[in-house]
Amino acid sequence: MFCIQCEHTIRTPAGNGCSYAQGMCGKTSDISDLQDVLVYMLQGVSAYALKAREFNIVDGEIDSYVAKAFFSTLTNVNFDEARLIEFIRSAQGYRNSLKVRYEHACMLSGVAPEQLDGAATWDLEEDKAALLAEAPNAAVNRGLASINEDILGLRLLCLYGLKGVAAYMEHARILEQTDAEVAAEFHRIMALLGNDPTEMELLLATAMEIGKLNYRVMEMLDLGETNKYGHPEPVQVNMKAVKGKAILVSGHDLCDLEMILQQTEGKGINVYTNGEMLPAHGYPLLKKYPHLVGNFGSAWQNQQKEFANFPGAIVMTSNCLIDPNVGQYADRLFTRSIVGWPGVKHIDGDDFSAVIEKALSLEGFKYDEIPHYTTTGFARNALMAAAPAVIDQVKAGNIKHFFLIGGCDGDKAERGYYTELAKALPDDSLLLTLACGKFKFNDLEFGDINGIPRFLDVGQCNDSYSAIQLALALAEAFECDVNELPLSLILSWFEQKAIAVLLTLLSLGIKDIRVGPTAPAFLTDNLLTALNEMTGLKLITTVEQDLADCLSA
Ligand code: FSO
Ligand code: SF4
């Protein structure tokens with residue numbers, strides 16, 4: 001196995017990456033190898049999806065499948081061998097189907113079909129041993145002997161960024177947002193990466209194209225969420241338990257939460273959000289359910305403790321899942337969509353009765369805890385509505401700086417930086433946040449500036465789109481470039497969605513972003529220097545130093 005895609009990867013003087021029997025996330029070498037085989041096979045599907053498009057053969061089912069199956073290989077998503085083997089089998093079937101249709105169209109047109117190679121020609125047996133035997137050909141560091149580490153690092157930057165895009169494409173698809181042009185661009189980049197490009201310039205340009213593609217996908221996702229559930233409105237969310245039977249819904253998929261709310265109506269079950277589901281409370285068509293009582297727990301890395309203490313059923317709709325056997329709650333955990341853990345019940349379709357039965361069979365919370373609130377719901381519309389007042393306060397000199405402190409959470413002690421930074425922000429600054437990193441400080445009091453709350457939770461990681469819209473609106477109002485605004489972006493990363501968002505920000509020309517707690521291990525020192533020279537991207541240092549630099553810029 002060789003996996004280096006997340007911030008928790010193993011780093012040693014001898015070389016970085018999880019490369020022994022098991023990764024830091026608990027992924028076994030078999031799972032890692034099967035994921036490599038799946039990704040390479042999907043690159044072959046994309047190669048034929050592209051060729052087929054030359055004859056206007058576009059198969060929406062296959063387009064969606066490739067993104068969805070790719071999503072299953074993100075960090076902390078799917079640990080179930082049987083499901084991965086099934087994904088590989090289906091991918092090969094789809095690839096063959098596209099190949100036949102492409103070659104048939106060539107024959108009808110009297111042209112010779114192009115003979116593809118690499119992943120596009122891969123024929124695999126279906127049993128696990130045969131698939132694992134092929135894994136070295138698919139490893140993400142394949143061919144390392146003939147390339148330098150900078151090229152490998154850029155390939156991985158692109159591959160992992162595109163994984164993040166795939167995840168958002170699948171989230172958007174669930175909300176009925178698909179786009180054939182987006183799918184075509186996605187296949188183009190998948191196929192390119194399957195051919196192991198070796199030119200630095202091409203890879204750098206591809207990284208920016210992935211960022212642009214992700215911007216478009218986040219826009220689709222924003223549209224899907226707001227079309228279906230309305231525009232988020234600022235709302236106070238109780239972070240403490242309420243007496244009664246309970247279901248906890250984690251991950252990113254609002255549709256799953258809606259179905260659970262509908263199916264639990266009148267059943268005496270309280271529904272809670274967890275982690276990235278917290279911003280769901282802001283959506284009018286979700287917050288109307290009185291039994292959506294609050295949020296329980298915090299970010300993903302705390303789930304083994306928090307889920308163990310949750311006396312009800314738990315549904316994991318997307319990343320980030322960690323070993324449920326440690327906290328002994330696997331029997332009351334349910335997975336959805338691309339998520340999987342061996343032995344944990346997976347729910348296909350729209351029927352959540354197994355979850356409801358489980359919740360009813362459990363004790364639930366025995367008493368009400370004293371409420372404690374956080375606010376969320378400052379997504380695009382709410383931010384735009386507040387923009388004129390914000391602009392007035394900037395002109396009056398009462399708001400002097402904007403900080404966006406967002407991204408993933410994690411369990412490394414260094415991440416305490418983000419709490420300390422939030423606490424140290426000057427009183428005349430606003431703090432925008434998004435994604436699960438907010439749990440490092442969203443229980444603190446930040447007050448307001450003449451009625452404008454200083455703490456603005458924009459939403460999930462994909463709601464970076466909303467934060468970008470605010471930045472663009474401010475730049476327009478002040479007739480300046482976004483980089484001339486008194487705005488500092490200080491990001492925390494853990495997995496591949498964050499890489500996609502980072503590439504989006506870089507592709508929009510946003511400069512001087514700080515990222516931490518550590519640099520991605522797949523980026524060499526050379527690449528970090530090159531990115532710094534191109535974009536000003538830098539690592540976090542100390543709270544004092546970074547704050548001083550941001551405020552003096
Ligand atoms: Fe967090 Fe996990 Fe949104 Fe990520 S729950 S770490 S960037 O998957 O998706 O912020
Ligand atoms: Fe290691 Fe992260 Fe890969 Fe898991 S996802 S194997 S922790 S690099």
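Don't overthink the numbers, they just go from 1 along the chain as shown.
Cβ atoms are placed via backbone N, Cα and C, with glycine included.
In this structure, Cys18 ([2Fe-2S] cluster binding site) is part of a beta strand by DSSP. If you look up TrEMBL, you'll see Cys3, Cys6, Cys18, Cys25 marked as [2Fe-2S] cluster binding site.
Classification of Cys436 (hybrid [4Fe-2O-2S] cluster binding site) by DSSP places it within a helix. Annotated hybrid [4Fe-2O-2S] cluster binding site per TrEMBL: His252, Glu276, Cys320, Cys408, Cys436, Cys461, Glu495, Lys497, in sequence order.
Cβ neighbour count for Cys408 (hybrid [4Fe-2O-2S] cluster binding site) (all protein chains, 10 Å cutoff from its Cβ): 26. In the three-state DSSP classification, Cys408 (hybrid [4Fe-2O-2S] cluster binding site) falls within coil. Look at TrEMBL and you will find Cys408 tagged as cysteine persulfide.
On a Cα basis, Cys320 (hybrid [4Fe-2O-2S] cluster binding site) lies 10 Å away from Cys25 ([2Fe-2S] cluster binding site). Taking the C-alpha atom of Lys497 (hybrid [4Fe-2O-2S] cluster binding site) as reference, the shortest distance to any of the binding-site residues Cys3, Cys6, Cys18 belongs to Cys6. Sequence-distant neighbours of Cys6 ([2Fe-2S] cluster binding site) (same chain, six or more apart, CB under 8 Å from its CB) are Met24, Cys25, Thr75, Phe494, Glu495, Gln496, listed in sequence order. For ligand 2, the binding-site residues lying close by, meaning a CB under 6 A from one of its atoms, are Cys6, Cys25; the full candidate list was Cys6, Cys25, Glu276, Cys436, Lys497. Neighbours of His252 (hybrid [4Fe-2O-2S] cluster binding site), defined as other CB atoms within 10 A of its CB across all chains, total 28.
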